[in-house]
Amino acid sequence: MNSIAEYGSDEEQNTKVNKSITLIKSKVNIAPNVHIDNALTETIFPDRTATHIEHNVPYNALYKKPLGPANPNTGEAESIKNHLTGHIDTFTMKDYDFETQRLTYEAKGYALNPNNAYANESVVDTTTYVGDVEKAIASKGNFVNNPKTGTNTLKRKQTTKDLSDVDNWQGPWAGFEEDTNDRAHGYNEEEKEEFQRLTQKYGFRNVKKVEAEAESLPGKEYSIFHGTFHINLIVGKGEKEEKYLKVPTDIDVHLNGQPGQEQCAMPKKVIYTYMGHTKGVNQVRFFPKSGHILLSAGLDGRVKLWDVYHERKCLRTFIGHGKSVRDAAFTFDGKKILSASFDKYLKVWDTEVGKCLGQFSVDESVNCVKPFPTGDKGHLVLAGHGKKIMLWDLRTLRAAQEYDQHIAAVNSLAYIDENKRFVSVSDDKSIRVWEFDVPLCVKQIADSKMQVMPSVATHPSDDYFLVQSQDSQILPYTARGESFRVNRKKKLVGHYIAGYATQLNTSYDGKFVASGDAEGNLNIWDWSSGRLMSKIKGHEKASMSLDWHPQEPSKVATCSWDNTIKLWV
């Protein structure tokens with residue numbers, strides 16, 4: 001640059017150059033022009049989930065609350081939340097008042113306003129109630145527990161009159177007491193003639209009159225004889241001995257033999273159906289040794305005697321229990337009948353006359369009864385009263401012994417070891433073996449795998465007793481010695497009792513074991529092999545009990561909750 005400044009033309013070479021040059025340095029900005037007005041005036045909110053920020057965010061913008069709905073599971077929303085779906089305010093009130101308002105709201109559509117707890121119910125306005133406020137105002141706050149309006153009263157039906165009064169009996173067609181218009185009631189002339197014809201043909205009895213006369217007797221127990229040529233027999237009106245207990249000799253079956261002498265066979269079909277109970281039948285028993293009479297006990301509170309060989313009709317009905325009869329049995333000679341009922345009474349009846357000889361009462365229902373099987377102690381009878389077992393003396397009508405170790409209801413009893421001991425099964429899932437003369441429990445059998453046992457029976461060999469278990473199996477236990485062990489190799493399965501108190505029984509020769517089930521079947525097993533030999537449908541409902549005929553080898557009686565008793569052969 002200095003050389004350029006000192007350059008000159010030839011003409012001016014001789015001229016002296018005296019000039020100075022000043023150099024100016026300029027700044028160069030290579031950054032791009034950026035419009036930053038929006039960045040300074042607008043706020044950019046960072047993403048809450050971002051891990052880094054690519055722009056400079058002011059402090060006041062960085063710590064502002066995030067936009068959008070709040071997470072209900074965190075923060076302030078969670079702190080005020082005391083229920084799964086929100087917040088519930090605490091309000092104290094009686095359970096009765098709460099139920100009253102709830103039921104009123106469901107029935108009428110309105111209730112008291114909970115936000116106006118101090119509202120006066122007598123002052124009805126729009127703030128007093130919630131829901132259908134107009135209806136609440138119209139009904140003046142009528143709650144379901146305290147109706148304040150409405151003058152409608154239920155009409156009272158006229159009495160149906162006495163059933164024995166044919167002309168005035170109205171039945172369910174009786175009108176109301178307030179009605180003044182004439183109504184047709186009673187039977188017309190054609191119905192009266194038909195009723196008289198049926199009465200003469202079938203001998204319908206005035207049951208209402210019989211019951212009215214019986215109520216004046218001590219204890220109110222009575223019986224009705226259903227013979228062909230005899231009128232109703234009521235104790236106190238003159239006793240008359242009916243000879244139906246005499247063993248018949250005009251049939252081709254020898255009924256005076258020793259039970260178990262003939263080899264038993266399996267029944268195959270139903271030959272007759274007894275109908276007379278109005279409800280289910282719980283128990284059925286043949287007359288001892290001969291089996292010419294059948295005893296039944298039902299849920300209708302009646303005990304009945306049935307003819308087995310002639311007309312096969314009901315011979316006598318014993319009436320005196322207020323509730324269902326759970327069990328019934330003959331004494332060893334058949335002259336007395338014992339009936340156990342849920343009305344907490346054990347009653348003793350004369351089989352031939354129909355008179356109630358006495359009764360035993362305790363604090364709990366009588367579930368089972370077991371008379372002594374032989375004549376040396378035939379006046380003694382065992383009965384399960386709730387959790388206790390009572391030994392009653394039929395001569396004195398007093399308790400002779402009490403066995404009290406079960407902790408639940410006793411369901412069934414059976415004599416073993418030549419009648420020196422007896423076995424009891426209970427709802428406490430245990431089996432207990434007792435000495436007959438003393439209240440001593442010889443053996444208690446209880447296991448965690450055991451179920452409730454509704455029935456127990458002794459095998460005719462007296463070597464085993466069989467127990468019906470609610471898990472639908474029959475378990476044999478040894479009855480000799482002191483071990484009383486279960487023989488699981490001989491257990492009997494194949495039926496289904498489904499919680500019913502189904503009874504079991506054996507043939508008199510010990511060859512077969514039989515039981516009903518929940519489906520109304522008759523199940524028969526072979527004792528020696530344990531194989532289910534037969535399953536025959538006989539009833540529409542659960543088959544509750546059965547009994548093998550003592551003389552005829554293949555005759556069996558079963559009863560069911562379908563109100564019937566069936567005779568098999």
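Just so it is clear, glycine is given a Cβ too, placed from its N, Cα and C backbone atoms.
For 274-308, 318-359, 403-437, 536-569, the entry in TrEMBL reads repeat 'WD'.
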Using DSSP three-state counts, the residues of the repeat 'WD' (536-569) come to 0 helix, 18 strand, 16 coil
Count the residues of the repeat 'WD' (318-359) that DSSP assigns to helix (H, G, I), to strand (E, B) and to coil, and report the three numbers in that order.
-> 0 helix, 24 strand, 18 coil
Mark yes when the repeat 'WD' (318-359) and the repeat 'WD' (536-569) have three or more Cβ pairs under 8 Å (sequence separation 6 or more) and no when they do not.
-> no
What is the pLDDT of the repeat 'WD' (403-437) when averaged and given as a whole number?
-> 95
Residue counts for the repeat 'WD' (274-308) under DSSP, helix then strand then coil, are 0 helix, 20 strand, 15 coil
